[in-house]
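If you check TrEMBL, you get these features:
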| type | residues | note |
| --- | --- | --- |
| DOMAIN | 6-104 | domain 'ASCH' |
| ACT_SITE | LYS21 | active site, proton acceptor |
| ACT_SITE | THR24 | active site, nucleophile |
| ACT_SITE | GLU74 | active site, proton donor |
Amino acid sequence: MSLSKITFFERFEADILSGKKTITIRDEAEKDYAPNSVVQVSTYENDRWFCALKIQSVDAIAFSQLSEFHAQQENMTLPELKNVIQEIYPDVERLYVISYELIG
Ligand SMILES: CC(=O)Nc1cc[nH]c(=O)n1
């Protein structure tokens with residue numbers, strides 16, 4: 001059964017709603033999103049709903065493979081992205097790039 005809900009830190013909300021952040025990078029526990037499914041999005045801090053996303057793809061990636069392209073899709077520099085991911089998922093090498101489209 002695929003996941004139907006996802007949470008983001010509040011600090012990412014504006015970038016998601018403006019279309020500047022079009023991917024999220026998650027660990028094994030949060031990879032089971034089905035392409036073409038619609039997921040409801042809320043804040044991690046308060047579980048406040050703020051939009052729905054349509055999942056486009058889920059692709060495995062190693063931390064060491066994160067690139068400027070991923071950073072651009074996250075609206076960050078590559079060093080910023082690597083710092084963010086290391087803070088959220090310390091010492092995790094196997095990650096997943098979840099690409100999505102804002103639908104409302
Ligand atoms: C709540 C949470 O884990 N949020 C994350 C994690 C990784 N990337 C992202 O955009 N948001």
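Keep in mind that glycine also has a Cβ here, set from the backbone N, Cα and C atoms.
DSSP assignment over the domain 'ASCH' (6-104) gives 31 helix, 36 strand, 32 coil. With a CB cut-off of under 6 A applied against ligand 1, the active-site residues LYS21, THR24, GLU74 are reduced to THR24. Using a 10 Å radius centred on the Cβ of GLU74 (active site, proton donor) and all shown protein chains, the other Cβ atoms total 23.
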